[in-house]
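Participant: Marked as Zn(2+) 1 binding site by TrEMBL: B:H84, B:D95, B:H191. Taken from TrEMBL, the feature Zn(2+) 2 binding site applies to B:D95, B:E130, B:H383. Among the features that TrEMBL reports, domain 'Peptidase M20 dimerisation' is placed at B:212-309.
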2 protein chains.
Amino acid sequence: MATFSVNSERLLGHIRELGTIGRESDGRLSRLALSDADRLGRDCLVSWIRAAGLDVAIDQIGNIFGIWANDKNRDQPPVMLGSHIDTVINAGIYDGCYGVIAGLEVIQTFKDADVRPDRPIVVASFTNEEGVRFSPDMMGSCVYAGGLDLQKALATRGTDGAILGSELNRIGYAGNYTPGFLHPAAYLELHIEQGPVLERTGTSIGAVADLQGISWQRITIEGQANHAGTTPMAFRSDAGYVAARIMTFVHDRASASEASGVATVGTIAFEPNAINVIPSRATLTVDLRNPDEKRLLKDERSLAEFLSRLQTTEHVKIQAEQLARSSPVTFDPEIVALIEDVASSRGVTSRRMTSGAGHDAQMLSAIAPTAMIFVPSRRGISHNPDEFTSDEALVEGANVLLEVVRRLM
Amino acid sequence: MATFSVNSERLLGHIRELGTIGRESDGRLSRLALSDADRLGRDCLVSWIRAAGLDVAIDQIGNIFGIWANDKNRDQPPVMLGSHIDTVINAGIYDGCYGVIAGLEVIQTFKDADVRPDRPIVVASFTNEEGVRFSPDMMGSCVYAGGLDLQKALATRGTDGAILGSELNRIGYAGNYTPGFLHPAAYLELHIEQGPVLERTGTSIGAVADLQGISWQRITIEGQANHAGTTPMAFRSDAGYVAARIMTFVHDRASASEASGVATVGTIAFEPNAINVIPSRATLTVDLRNPDEKRLLKDERSLAEFLSRLQTTEHVKIQAEQLARSSPVTFDPEIVALIEDVASSRGVTSRRMTSGAGHDAQMLSAIAPTAMIFVPSRRGISHNPDEFTSDEALVEGANVLLEVVRRLM
């Protein structure tokens, strides 16, 4: 079989064109799920799918599918390539969009070369991956894989008060297909890394072997507000100090571990938040991630024990509320090995890695052999206009995807 | 000489009456300096001073003096008793007001008994002690003691844009007397403790021997925002973690010290303050206090060295800005001993203590032998409607003040 390459101009052109849709008056890119901007992005994607000669299918949660099938292979389980095109507020142009557009590009490349695969190839764009306007994130893929009830998802109320099902209708993307109507033989998601590992190690391709389990907690500490000058150290119930102890505990524990778990305190608030008043209350969030469920459970347990000790030693009340929890996902070892093999055969470097972010692939892995391919992100930045991956890296990633699909189809 | 006692009904009645002035529609007490509410409080105080038969003098920064002098003692340096009647937002009724009203009560008690002191006795109410609307705090006493230029103080712009001198004129309290026109032989300030020490130790009277020096800094840490899941611990520049390290450093250092210094981080903010983003920036304030200037300097130096080390080890940029700095004040040892002696002679417990808060006495100590008398604050609370001192304790404090003045006059 001949060596195929994607049409790099078409691939990059599509990425850039989609990146112009949903710009606010100040130039910021925001295509929040099921907004007018999302509708415009969806319309653009659907027009490309139609122009490529694929069948378009929309399911009841608004997931968009471009199906390339023929009479001979139509009954076979397809290879599905997907991601999402909704964005965060003030986003970059690559996150999600790259995977969808590259999936379409792979199909077009095969189609242009008149290849006749044994099974259909499908490009999928899943609804509300980002979870900014409607919670939870990865909603469309979760419903598709049977992890979330459709009616419950449709009844979700957004941060702006809108009901998800109504918004789907309003923008014309409430489809008729039942989520899960296509059962893939394999699911592949090409994505920017959104982390610094590939860039820092000078690696071209990430063969993503697993995805971290995530534990989000909100911790509230109740102390006693008192005058910062007149209250001796020994008489204090300083909620702010306890927050600091929690921050250093989770950070230092993750840093000292040899596993690839991470721990982050991203938000904090003190009350009354006055320079000369001991904080009566501190609220912080803890984001723990680990690719090993046993270790994640151990991290959670050790934090709970530490909170319990602090309550006694620091004379405060502490409450911990679980905001989100997902178990780690292990991707299909054969597809991961195939990605490494393809990279090697193309003469580019690759490394097995863990995805620290959640992706639609994590939902699809419940119903199909799944893996992800990462390309480098400059300085690891994403969810930000500074998100950047070089054209060469984007094209290389799409060509690796192309060859992996060729060997699977 | 006979034993005197203040008129407790008059004392407590005045405290309660002044506490009714400046209530907002929701019942909150706020007499911000030079506001309409402050004018009403001043009018009330001046009416009491006049009713007591004292001379009223207003100086150019709006400090109010009630002067009890006669032809024989008029040329002698007076004993001055004072504090302030401006309040914070949503204040209690005791902070400041107690000292002014008790000062007036002491004079009235002597006057009622037809005592003829060798020197004048003056009650003083200083402008803008709280510093909420106009900065710096303790402004009236600072101008009076020569620590701040009068014209500069009059030109101060408030948080609401108002100019202090215009506001003084507007409310009718821009007087003609030159600040410092009376040079006291001694200055005494009776005040609620605003801390928990007297209550916790079951002590009636605090003989305040010194007042902590204060160092306020704003520390800004610049790290690198990155994805909380995809950025390995070793690759992070986590501004939030560095903030936590600073918090535990200053707290643990103050706690471990045998000196009576304190350290507080009362305010904090993260950017972007998102649960799954490593903070790119953290801003916190550090409030360091110590009654010993050498120790306070050492605390500041050790913090600066720690910040410098963190810059290197944590790959962040740290800036520290001094927001306020005052040196510790040592009060007059003879008056402090006199306060202890008076308490003892009255059969009540006393203890030498450090004032952790700033007071007008700290300014007056630059021009006169000065000391303060503290009474217990329930749970150490002040600057809050829950501020409370029992009637018995208020009366006891005023009687101690009365006897100290008797021995000084």
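Counting begins at 1 with the first residue displayed.
Every residue, even glycine, has its Cβ placed from backbone N, Cα and C.
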Participant: Considering only the binding-site residues B:H84, B:D95, B:H191, which fall within 10 Å of B:H383 (Zn(2+) 2 binding site) when distances are taken between Cα atoms?
Facilitator: B:D95
Participant: Using the Cβ center of B:H84, B:D95, B:H191 as the Zn(2+) 1 site position, which other residues in that chain lie within 8 Å, going by their Cβ?
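Facilitator: Those within range, site residues removed, are B:S83, B:Y94, B:G96, B:C97, B:Y98, B:G99, B:E129, B:E189, B:I192, B:H359, B:D360.
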Participant: Near the Cβ of B:H84 (Zn(2+) 1 binding site), how many other Cβ atoms are there if near means within 10 Å?
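Facilitator: Result for B:H84 (Zn(2+) 1 binding site): 30 other Cβ atoms within 10 Å.
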Participant: Can you break down the domain 'Peptidase M20 dimerisation' (B:212-309) into helix, strand and coil residue counts using DSSP?
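Facilitator: Secondary-structure composition of the domain 'Peptidase M20 dimerisation' (B:212-309): 38 helix, 31 strand, 29 coil.
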Participant: What's the most sparsely packed of the binding-site residues B:H191, B:H383, counting other C-beta atoms within 10 A?
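Facilitator: The binding-site residues B:H191, B:H383 were compared, and B:H383 has the fewest Cβ atoms within 10 Å.
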Participant: In sequence order, which residues at least six apart in the same chain have a CB under 8 Å from the CB of B:E130 (Zn(2+) 2 binding site)?
Facilitator: B:L32, B:A33, B:H84, B:D86, B:T87, B:V88, B:G96, B:D137
Participant: Which are the residues of the chain, B:D95, B:E130, B:H383 excluded, whose CB is within 8 A of where the CB atoms of the Zn(2+) 2 site average out, their centroid?
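Facilitator: Sorted by sequence, the hits are B:T87, B:V88, B:A91, B:G92, B:G96, B:E129, B:S382.
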Participant: Sort out the sequence-distant neighbours of B:D95 (Zn(2+) 1 binding site) for me: same chain, 6+ apart, CB within less than 8 Å of its CB, listed by position.
Facilitator: B:T87, B:V88, B:H191, B:I192, B:Q194, B:S382, B:H383, B:E387
Participant: Which three-state DSSP class does B:H191 (Zn(2+) 1 binding site) fall into?
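Facilitator: Going by the DSSP assignment, B:H191 (Zn(2+) 1 binding site) falls within a strand, counted as strand.
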Participant: If I take every residue in the domain 'Peptidase M20 dimerisation' (B:212-309) and average their pLDDT values, what number comes out?
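Facilitator: The average pLDDT of the model in the domain 'Peptidase M20 dimerisation' (B:212-309) works out to 95.
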